[in-house]
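**Q** Take this structure first; my questions come after.
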Amino acid sequence: MDRAKPFVWRLVAASVCLLTFCHLARADSLEEQRNRYAQIKQAWDNRQMDVVEQMMPGLKDYPLYPYLEYRKITDDLMNQPAIAVTQFVRANPTLPPARTLQSRFVNELARREDWRGLLAFSPEKPGTTEAQCNYYYAKWSTGQTEAAWQGAKDLWLTGKSQPNACDKLFSVWRASGKQDPLAYLERIRLAMKAGNTGLVTVLAGQMPAEYQTIASAIITLANDPNNVLIFARTTGATDFTRQMAEVAFASVARQDAENARLMIPSLVQAQKLNEEQTQALRDIVAWRLMGNDVTDAQAKWRDDAIMRSQSTSLIERRVRMALGMGDRRGLNTWLARLPMEAKEKDEWRYWQADLLLERGRDAEAKEILHALMQKRGFYPMVAAQRLGEEYTLKIDKAPANVNSALTQGPEMARVRELMYWNLDNTARSEWANLVKSRSKSEQAQLARYAFNQHWWDLSVQATIAGKLWDHLEERFPLAYNDLFTRYTRGKDISQSYAMAIARQESAWNPKVKSPVGASGLMQIMPGTATHTVKMFSIPDYRGPGQLLEPETNINIGTSYLQYVYQQFGNNRIFASAAYNAGPGRVRTWLGNSAGRIDAVAFVESIPFSETRGYVKNVLAYDAYYRHFMGQKEALMSDSEWQRRY
């Protein structure tokens, strides 16, 4: 009986293999393919590679099969032959990881020191900086020196520290005697401007022995920009030393604008600055003298400097300062200083009309406001509200029937499956490739297709890629409508306002993370989430990972928005600014304006360009969402419009 057991087990194993083979042969349905895909991934994660090898061949028709191939290749990239990687890249030209793989394998071939093989694999410049450095080193290694030196120069001219792979390229370039001394100095300047003190020190330390005096001066300046006057007086006046002095001077001005202001004549004399270079220093200081704490002498000096400036952005900042102070005379003066091109911006056309109305020139003012109303966005809606007229949204309609050719093909099939598996960010990469390769009319159809599939973020992404600004339905889908209905019920904030905030924050990508750690649809910081959960007794919150779940994010996000909305008297202008820049800053801005200005002036005078644009967008987006909900779509409520700020 015991002797029969091995035979029995061999028979069972053969039967299992036969059943598996039969299953492989007939695994045609999408549901079966998805199940097998999940099984393969699970086996892979458990390092059951025999199971992976057995099951993969039966999944070649599944749209995400190339991702399995990619994993197989990259798991053992050090031992992959170039032909295998080349075949994969060529077979999947639109697959996002294939482009990543190309750069990775260039670096692998560099590790092998297979320079000819590297150039055969990648005849064109690869995508990443590290791979490019290896590519141009391969050019040098194979005798293509001119191309190598040009590539080295292009990679050299940055204030960032480059990958270690670039060191050997830069070393052979320097040793060849072909490195341009001006390029060397330019990188020091760029590093200084980027605040990369470590790189400045390294580069200065590598300068030839005969340049040790200037090298020492550069290092001293990088370590303490307050030495700028000593630097200016002890180094010869050259374009390089003037540029270095200007960068250091900007750092001084950030710390002590008055000290910088008084320093200008000495710098001008020491470095023999011309009027244009001198004005650049004045502009730097003028930017720092826009607060409420400047003296009368500083204010006069600032305005004299701006009056001579050619910087449009600086003059615009001065216009906004006049708006925030309720200084009508200053508003007129500084608007007049703007160049003609800048005066055509929506905001400055509106304020020109505002001044005309004040002078009784109603016909001219109304002509400007009516012209603005033909456009889209914040100021066109403001113009309508100022005139007491209804604003008409222009909405372009995408074709109801999407061309079937656009919805077929491997890219769209992969997008569908990635969205099924909730791999939103990978799907976005695939979608971006697909949309980018299409005509504008096809992009509109793709936006509509995504809209119909409830791929809200992909719908928005297609309208952005195609600049389909009047396709408002696809740009502003009623995403997660049920969740927003539920979590705004019983709150003072409207559903449309909460959705406008979410649309501005994430463009409806539920998996997006900001560089500073904000997560999900309403871009919530972990600390804010913890505080809000406690304040509102929100149950079942376990940690920041849940912020990528739409329901959790909307629950916490709408609660926090309700909190700031109530803090600021149910005013969306203040609440939106606070959501973006923090409640403390909004209180400071309110204290500065001191009830002297109207709502539009307050928005335009917000000193942070990001927050200013944020508030304008949210108010406009709220109006769009109210339109799609069949509600009144005036930009501001009566209380927001009529109060003083």
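Glycine is treated like the rest: Cβ placed from N, Cα and C.
It should be emphasised that the depicted structure is a prediction, and the values quoted were computed from it without experimental measurement.
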**Q** Of the candidates Cys22, Cys133, which does Swiss-Prot name as forming a disulfide with Cys166?
**A** Cys133
**Q** Give me the CA-CA distance between Cys166 (disulfide bond) and Glu505 (active site), in Å, as a whole number.
**A** 37
**Q** Measuring Cα to Cα, how many Å separate Cys133 (disulfide bond) from Glu505 (active site)?
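**A** Spelling it out, the Cα of Cys133 (disulfide bond) and the Cα of Glu505 (active site) are 37 Å apart.
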**Q** Using a Cβ-Cβ cut-off under 8 angstroms and a sequence gap of six or more, which residues of the chain neighbour Glu505 (active site)?
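**A** Those within reach of Glu505 (active site), by Cβ under 8 Å and sequence separation of 6 or more, are Ala518, Leu521, Met522, Gln523.
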**Q** Among the disulfide-bonded residues Cys133, Cys166, point out the residue whose Cβ has the most other Cβ atoms within 10 Å, with all shown protein chains included in the count.
**A** Cys133
